[in-house]
Amino acid sequence: MAFAPMGPEASFFAVLDQHRASLLAALRRGGGEPTGGGTRLASRFEDSVGLQMVSHCTTRKIKSDSPKSVKNFALILKILSMIYKLVQSNTYATKRDIYYTDSQLFGNQTVVDNIINDISCMLKVPRMSLHILSTSKGLIAGNLRYMEEDGTRVHCTCGSTAVAVPSNIQGIRNLITDAKFLLIVEKDATFQRLLDDNFCNRMSPCIMVTGKGVPDLNTRLLVKKLWDTFHIPIFTLVDADPHGIEIMCIYKYGSMAMSFEAHNLTVPAIRWLGLLPSDIKRLNIPRDTLIPLTKRDQMKLDSVLKRPYVTCQPFWRKEMEIMADSKMKAEIQALTFLSSDYLSRVYLPNKLKFGGWI
């Protein structure tokens, strides 16, 4: 059953439809984005996948007969034993569940998280195959329906409330949508503001997702699943600062920490919709609404500019160089200087209608 049309006329989505056609054509050719060179460290970059581990990367050895690593070795065996029981019984547990089985032994949650990542990397299987779930913090809204593993039917809406991202993405099925695009929103506050402004309804059919900052694993898995299932254009709305750019890169190209699972997490087809540093000048945003880059910001920006995937994103590089030259950053909320609903009423609709993404 199709969703009831509530948004703009079909002609509004003409450029979006053209963009989707070009994405599908690229998929049929089996290619990604233009390739570029780069320094290859613990991870390598492949344009159609993102950051991946290299076979000759540095490894860490943990010995059972070494006083320095005997405890860590024992903890790995303990968690492996728990994983074996989960797989055998076809049940699942969260990382938090595992930690609380013996919190005094593990010491803190980070120890458990790191060991699970190590086991997943060592066995070369996604975490879901270990029957270990992550607690979700992300939200989703818009024109989407699906069924969870236990048979629960979920109907995301375009209203003022959102649905929590499921904790078992692999288990969801029967996904249905007629969305023209998916918008990833960096911050929860901006996501909620767009819902309050009725953006989803006015731009229907569409889907919105937020990972509430740096995305958790489940939010990334969901975005990947939606791309693999529907191949609709995916855009990011982040602050015009190094932190926002880094978050966008995690969705698009992945991270060093999870490079061993890149195929399950990255969506290189993602595009940067806003807030672009060049938009600040174009829209005459007053300088007193901007924020000076800190030393930490500048270090982060320099780091991103040196990454191999920036080589094949000349427009991204240009935007980051604009930020570096101005030594200023801007939050999405800076657009409220123009009007309280400028983001949802003017900025995003115009970007989507006229192809204002890079």
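A Cβ is built for glycine as well, from the same backbone N, Cα and C atoms used for every other residue.
Bear in mind that TrEMBL entries carry predicted annotations, made automatically and left uncurated.
For 2-43, the entry in TrEMBL reads domain 'Meiosis-specific protein Spo11'. Summarising the annotation, TrEMBL assigns domain 'Spo11/DNA topoisomerase VI subunit A N-terminal' to 71-132. Here TrEMBL flags Y100 as active site, O-(5'-phospho-DNA)-tyrosine intermediate. What TrEMBL lists as domain 'Topoisomerase 6 subunit A/Spo11 TOPRIM' is 181-352.
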Cβ neighbour count within 10 Å of Y100 (active site, O-(5'-phospho-DNA)-tyrosine intermediate):
13
Over the domain 'Meiosis-specific protein Spo11' (2-43) the mean pLDDT stands at 70
